[in-house]
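Quick look at what TrEMBL annotates:
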{"type": "BINDING", "residues": "G76, P77, K78, W79, D80, Q81, N82, P83, S84, E85, L86, R87, P88, E89", "note": "NAD(+) binding site"}
{"type": "BINDING", "residues": "R96, R106, R134, D219", "note": "substrate binding site"}
{"type": "BINDING", "residues": "D219, D243, D247", "note": "Mg(2+) binding site"}
{"type": "DOMAIN", "residues": "4-348", "note": "domain 'Isopropylmalate dehydrogenase-like'"}
{"type": "SITE", "residues": "Y141", "note": "site 'Important for catalysis'"}
{"type": "SITE", "residues": "K187", "note": "site 'Important for catalysis'"}
Amino acid sequence: MEKRVAVLQGDGIGPEVTEAAVRVLEVVARRFNHTFQFDFASIGGEAIDKFNHPLPEETIAICESSDAILLGAVGGPKWDQNPSELRPEKGLLAIRKHFDLFANLRPVKAVPSLLHASPLKEDVVKNVDMMIVRELTGGIYFGEPSRKTAKSAVDTLVYTREEIERIVEKAFELARLRRGKVTSVDKANVLQSSKLWHEVVEEMKKGYPDVEVEHQLVDSAAMKLITNPGSFDVVVTENMFGDILSDEASVITGSLGLLPSASVRSDGFGLYEPVHGSAPDVAGKGIANPAAAILSAAMMLRYSFGMETEAATIEKAVETVFEDGHFTSDLSVEDGRVHSTKEWTDKVIGELDLQFVSNSIMFSYV
Ligand SMILES: NC(=O)C1=CN([C@@H]2O[C@H](COP(=O)(O)OP(=O)(O)OC[C@H]3O[C@@H](n4cnc5c(N)ncnc54)[C@H](O)[C@@H]3O)[C@@H](O)[C@H]2O)C=CC1
Ligand SMILES: CC(C)CC(=O)C(=O)O
Ligand SMILES: [Mg+2]
């Protein structure tokens, strides 16, 4: 297959981790006889520096002519004092809205060889396998008015029934493909938008009698995520709650550098990015964990290109490299087991090559 991928590297560790993901995709393309064309474009702080805009027209045009978008991360202290329209994060929100990428899928899965990296007890984290389904184009990050003066500030939280219905439908459909349970997280004891959310879930569950539904208030959900994460299958929630809960969930897996995400709309077009941000504290040192970006690229192959075998091959390679005891510095402190971003990516590529060779041998017997 021939596919065009827009690569928006962004700021901080964004370029370091997307470079790793592109290298892995190049190997997959070669091994599976695909052609991936990578078109690089600007977003975030680097776009502000070059184009005085966090999401330039040129970037939108490149993304529009692509089959999917791969993104690193945006933001950093350099732009923290900028007015809100010149904040890097504005570019990220704008691209999600422009392409109507309302469904943000954030898988959180414990990897047996990484249990040591979590501060939580092994028993608590070992069977975790959940999918956080975060509404991505509505809620308080997009509501108007949104303004601040020295004396007061306002943000607005709005959800329409249609916005809630489409993300809840996505969660139910995913639950059917998984363990058949949806936990809907809201703050319906206080917020009107959450009351509507709760009502919509109650109505829609009638269409999914095979799916178990539970409601959880966000504050206690934050607690249960740490005390009993294995009890969750699909978690569906609004934009800001999903943002916060998914960073919290990274503690289960051991590092924020491990969590990938897919932001998709109904027709399969999507933007793929790590859950983490630009990590200014480690940027430029060549030590960032590229796993989240590489696994986001795997999600791109699965959800936008229908390349399930290729996606699974990448995921297996990543898991095997961890099993073999190779880590980045966020996951281990032991000498000899810690690798730079580039070295660790080389290990994944080596493993991909090995898998391909052993599969070819297997196929030759068939
Ligand atoms: N999707 C995006 O582009 C996002 C952008 N941001 C922006 O990123 C900037 C920094 O935000 P923070 O709150 O510090 O969150 P962050 O996610 O960038 O970093 C939080 C902590 O996790 C570590 N970390 C994150 N990813 C890592 C990786 N791949 N390997 C190793 N360590 C990793 C960082 O070093 C840091 O200690 C801000 O400007 C923020 O607005 C934050 C979240 C998401
Ligand atoms: C600009 C922020 C909403 C980015 C973020 O933290 C996220 O999407 O996870
Ligand atoms: Mg976030």
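From the backbone N, Cα and C atoms, a Cβ is placed for every residue, glycine too.
Ranking the binding-site residues N82, S84 by how many Cβ atoms sit within 10 Å of each one's Cβ puts N82 at the top. Checking each of the recorded positions R134, Y141, D219, D247 against D80 (NAD(+) binding site) by C-alpha distance, the shortest gap belongs to Y141. In the three-state DSSP assignment, the secondary structure recorded for P88 (NAD(+) binding site) is helix. Nearest to D243 (Mg(2+) binding site) in space, judged by Cα atoms and limited to the binding-site residues S84, R96, R106, is R106. Residues distinguished by a CB atom under 6 angstroms from ligand 1 are absent from the recorded positions D80, N82, R96, R134, K187, D243. In this view, G76 (NAD(+) binding site) is surrounded by 21 other Cβ atoms within 10 Å of its Cβ, with every protein chain counted. Checking the binding-site residues L86, P88, R96, D219 for a CB within less than 6 Å of any atom of ligand 2 leaves no residue at all. The subset of binding-site residues (S84, P88, R106, D219) lying with their Cα within 10 Å of the Cα of K187 (site 'Important for catalysis') consists of D219, given in sequence order. Residues belonging to the domain 'Isopropylmalate dehydrogenase-like' (4-348) score a mean pLDDT of 97 in the model. Close to the recorded Mg(2+) site, the chain also has V218, A222, M240, F241, G242, I244, L245, S246, E248: residues not among D219, D243, D247 whose Cβ is within 8 Å of the site's Cβ mean position. The binding-site residues in question are K78, R106, and the one with the fewest Cβ neighbours inside 10 Å is K78. Proximity of the recorded positions (D80, N82, L86, Y141, D243) to ligand 3: a Cβ under 6 Å from the molecule is found for D243. Across the fold, the C-alpha of R134 (substrate binding site) and the C-alpha of K78 (NAD(+) binding site) stand 29 Å from each other.
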